[in-house]
Amino acid sequence: MIPVTEFRQFSEQQPAFRVLKPWWDVFTDYLSVAMLMIGVFGCTLQVMQDKIICLPKRVQPSQNQSSVSNVSQAVASTTPLPPPKPSPSNPVTVEMKGLKTDLDLQQYSFINQMCYERALHWYAKYFPYLVLIHTLVFMLCSNFWFKFPGSSSKIEHFISILGKCFDSPWTTRALSEVSGEDSEEKDNRKNNMSRSNTTQSGPEGSLVNSQSLKSIPEKFVVDKSTAGALDKKEGEQAKALFEKVKKFRLHVEEGDILYAMYVRQTVLKVIKFLIIIAYNSALVSKVQFTVDCNVDIQDMTGYKNFSCNHTMAHLFSKLSFCYLCFVSIYGLTCLYTLYWLFYRSLKEYSFEYVRQETGIDDIPDVKNDFAFMLHMIDQYDPLYSKRFAVFLSEVSENKLKQLNLNNEWTPDKLRQKLQTNAHNRLELPLIMLSGLPDTVFEITELQSLKLEIIKNVMIPATIAQLDNLQELSLHQCSVKIHSAALSFLKENLKVLSVKFDDMRELPPWMYGLRNLEELYLVGSLSHDISRNVTLESLRDLKSLKILSIKSNVSKIPQAVVDVSSHLQKMCIHNDGTKLVMLNNLKKMTNLTELELVHCDLERIPHAVFSLLSLQELDLKENNLKSIEEIVSFQHLRKLTVLKLWHNSITYIPEHIKKLTSLERLSFSHNKIEVLPSHLFLCNKIRYLDLSYNDIRFIPPEIGVLQSLQYFSITCNKVESLPDELYFCKKLKTLKIGKNSLSVLSPKIGNLLFLSYLDVKGNHFEILPPELGDCRALKRAGLVVEDALFETLPSDVREQMKTE
């Protein structure tokens with residue numbers, strides 16, 4: 001016989017699946033076991049005991065004449081003979097005698113089998129087997145969604161993640177931290193209420209006792225203690241769990257196969273319950289103890305009518321009623337399950353209660369199969385959902401990332417990355433990190449902080465520890481800031497650089513930095529930037545002196561005009577977008593430096609001539625061809641630097657002689673062919689760059705420039721240099737490479753301060769030994785072919801090689 005344990009495979013599932021079995025599924029499982037035992041018990045009785053016992057019936061002679069001759073005379077009487085009555089005087093000696101049928105054992109077995117098959121009702125015969133089959137079907141229906149590949153894979157994945165989330169140290173840390181904060185808030189509220197009842201203090205006193213100020217150090221202590229309990233490995237495991245939960249949520253929320261399958265298997269169980277109740281109630285009366293059997297087997301047994309006893313009828317009748325009770329309870333439970341499935345919205349799951357209890361406000365609601373599984377888990381233990389919700393929170397994930405970040409970037413490791421930037425400040429560059437390490441604020445000597453490609457940066461109040469911080473660079477970073485940190489930056493920050501791809505990376509809090517002196521903006525703005533409200537608040541930057549915008553604006557923003565009264569330097573790098581409507585420049589009366597780079601200008605803007613305080617003008621990479629307007633620069637008495645490089649200028653007008661205050665002049669990367677002698681009447685020029693043009697001749701008037709320190713004609717077509725060039729005694733840098741020069745005059749020895757000389761790319765055959773008189777010129781400052789350098793006397797070469 002098959003033992004009961006062999007049927008367990010029909011209802012077995014992984015022990016972890018129990019979290020998805022609500023109380024009604026557990027209850028129906030126990031009912032199934034009870035019904036299974038009924039079926040197995042009935043089948044065992046069917047196999048091990050006699051199913052039916054039959055005896056032949058005696059009939060009247062008129063009805064049995066054909067068979068009288070085949071039986072003995074003792075049984076031929078028309079009425080059964082009564083058994084002899086024992087004598088009361090001698091009861092022990094009287095022998096009991098019954099009716100003889102003259103049938104052997106084989107005939108009785110044959111009669112029993114024939115009557116069992118022909119006369120016994122099928123329900124009485126197959127009742128235990130029906131119970132067994134129905135129970136197995138119930139078990140299969142209850143556990144089918146645990147076995148079906150389309151659903152079991154999701155369930156296994158979910159339970160695997162759920163168990164890891166439940167046991168993760170990060171879950172305990174996050175919930176205990178929130179619990180600690182909640183208790184602090186309650187204590188603070190009680191203290192505040194008691195104090196307000198006992199004393200009538202002013203607003204200043206109540207502010208000191210407020211939670212926002214008092215609880216900060218307490219929370220800091222909680223963070224420190226809990227942070228030590230989570231090592232680096234556990235932090236990485238928790239980080240991986242967050243990623244798994246995200247991917248699993250996206251995958252499971254797409255469909256509702258689990259919900260649909262559970263509903264269908266429940267509906268199937270209800271239908272089966274109704275069928276079982278219907279036919280069992282109708283047929284249970286067919287289980288009878290006495291059965292009349294009429295079979296035509298006279299030729300083999302001599303009898304046709306038999307009276308049979310169904311030996312297990314009494315027990316089967318009781319078992320059937322018991323089975324009906326179990327099935328009824330099972331069915332009512334399934335009906336309640338259907339009510340629960342259709343009455344409640346199981347395709348949506350709200351974490352509102354968890355959000356209120358834990359204080360983690362950003363836990364999202366879920367839907368479809370994800371929601372259904374969470375509803376099922378709540379029937380098992382709501383604590384699972386509460387702990388699992390921690391891994392759905394971005395706030396919790398950010399805290400974990402912050403903790404891992406702090407463990408990875410220690411103060412010593414950060415100090416190794418310190419460097420000096422272009423502003424001669426001690427700078428810490430952080431590129432492509434998951435966040436801003438809290439350990440940064442332990443480097444108190446930091447003067448400049450540079451963040452690149454870091455999303456969701458939160459600048460905490462601890463930035464106030466950086467007493468020397470003056471410069472902040474944000475390149476493609478979305479930044480939020482604590483109110484205390486903003487107050488600190490308002491007072492201390494001098495330089496802010498922001499590089500953004502969209503307006504969301506342009507921090508809205510930067511417009512309140514009242515002590516900011518330099519602002520650099522790099523990113524794509526709308527062409528109609530004057531209507532961009534995010535720039536209108538620049539007027540609050542009362543201390544702003546330098547403003548640089550590298551974008552694609554079509555006109556100067558009105559926000560820039562709002563700070564024109566104190567703006568001293570403005571740079572617009574326009575990436576080739578034509579800049580029009582420059583009349584707003586006239587309002588910048590205090591402007592000393594102006595850069596209009598790559599703005600597609602064809603003429604020098606007339607508005608520039610109104611900037612009487614202008615000292616430097618840079619019109620790089622425009623489309624200037626004619627600069628006749630240069631005569632108007634004579635009104636700009638303070639103009640000392642003029643850069644007209646990287647344009648298409650073909651000639652220099654003679655009016656340039658009127659710019660007597662010029663000290664730095666750059667015409668490099670143009671198409672100039674002739675240098676006017678009037679150029680050298682600007683005798684204050686110290687820096688003159690004429691490289692990358694088509695110049696063939698240098699006028700001898702260049703000797704007038706006695707203040708000249710830098711002169712470059714690199715990449716021109718000059719064939720000879722005038723001797724007057726060597727009258728410029730203060731010349732330190734001379735670049736004459738990539739020309740057509742064949743001889744270098746020995747008078748170059750007159751340039752005693754010369755420290756950099758580029759002669760490479762000419763037709764020189766020998767270098768004059770007078771180069772040795774240039775005591776400041778060393779080998780590193782002499783750009784020349786190695787073979788040509790060897791033409792110098794050995795003592796000159798040795799002199800240049802010595803430092």
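Just so you know, glycine gets a Cβ as well, placed from its N, Cα and C.
For 1-22 (among others), the entry in Swiss-Prot reads topological domain 'Cytoplasmic'.
Long-range contacts of the transmembrane segment (23-43) within the same chain: residues 1-2, 4, 7, 11, 127-136, 138-139, 142, 269, 312, 316, 319, 322-323, 326-327, 329-330, 333-334, 336-337, 340, 379, each at least 6 residues beyond the stretch ends and with a Cβ under 8 Å from a Cβ of the stretch. If you look up Swiss-Prot, you'll see 23-43 (among others) marked as transmembrane segment.
What Swiss-Prot lists as disulfide bond is CYS54-CYS308 (among others). Every protein chain considered, the tally of other Cβ atoms within 10 Å of the Cβ of CYS54 (disulfide bond) stands at 24. The secondary structure of CYS54 (disulfide bond), as reduced to three states from DSSP, is extended strand.
Annotated N-linked glycosylation site per Swiss-Prot: ASN64 (among others), in sequence order, evidence recorded as sequence analysis.
Taken from Swiss-Prot, the feature N-linked glycosylation site applies to ASN70 (among others), supported by sequence analysis.
For CYS115 (disulfide bond), the number of other Cβ atoms no farther than 10 Å from its own Cβ, over all displayed protein chains, is 24. What Swiss-Prot lists as disulfide bond is CYS115-CYS293 (among others), and the listing cites similarity to another entry.
Swiss-Prot lists 126-146 (among others) with the feature transmembrane segment. Same-chain residues lying 6 or more positions outside the transmembrane segment (126-146) and placing a CB less than 8 Å from one of its CB atoms are 7, 10-14, 17, 25, 28-29, 32, 35-36, 38-43, 45-46, 152, 155, 258, 261-262, 265, 268-269, 272, 276, 287, 316, 319-320, 323, 327, 330.
Look at Swiss-Prot and you will find 147-266 (among others) tagged as topological domain 'Cytoplasmic'.
Taken from Swiss-Prot, the feature phosphoserine applies to SER212 (among others), supported by similarity to another entry.
Here Swiss-Prot flags SER215 (among others) as phosphoserine, drawing on similarity to another entry.
Residues or ranges marked as transmembrane segment by Swiss-Prot: 267-287 (among others).
Summarising the annotation, Swiss-Prot assigns transmembrane segment to 321-341 (among others). Residues 24, 27-28, 31-32, 34-35, 38, 131, 134, 138, 262-263, 266-267, 269-270, 273-274, 276-277, 280-281, 284 of the same chain lie 6+ residues outside the transmembrane segment (321-341) yet bring a C-beta within less than 8 angstroms of a C-beta in it.
Per Swiss-Prot, topological domain 'Cytoplasmic' is recorded for 342-803 (among others).
Across the range of the repeat 'LRR 1' (397-419), the DSSP-based residue counts are 17 helix, 1 strand, 5 coil. Swiss-Prot lists 397-419 with the feature repeat 'LRR 1', giving similarity to another entry as the kind of evidence.
The annotation repeat 'LRR 4' is assigned in Swiss-Prot to 468-490. For the repeat 'LRR 4' (468-490), the model gives a mean pLDDT of 93.
Under the heading repeat 'LRR 6', Swiss-Prot lists 515-536.
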Per-state residue totals over the repeat 'LRR 7' (543-563) - DSSP helix, strand, coil: 4 helix, 5 strand, 12 coil
Neighbouring C-beta atoms (10 Å sphere around the C-beta of CYS308 (disulfide bond)): 22
Inter-residue C-alpha distance, CYS54 (disulfide bond) and CYS115 (disulfide bond) (nearest angstrom): 8
For the repeat 'LRR 10' (613-634), distant same-chain residues with Cβ under 8 A (at least six beyond the ends): 571, 589-604, 606, 640-650, 652-653, 655-656, 658-659
Per DSSP, three-state class assigned to CYS293 (disulfide bond): strand
Integer Cα-Cα distance in angstrom, CYS293 (disulfide bond) to CYS308 (disulfide bond): 7
Neighbouring C-beta atoms (10 Å sphere around the C-beta of CYS293 (disulfide bond)): 24
Long-range environment of the repeat 'LRR 17' (776-799) - Cβ separation under 8 angstroms, sequence gap at least 6: 732, 737, 752-760, 764-767, 769
Pairwise Cα distance for CYS308 (disulfide bond)/CYS115 (disulfide bond) [Å, integer]: 8
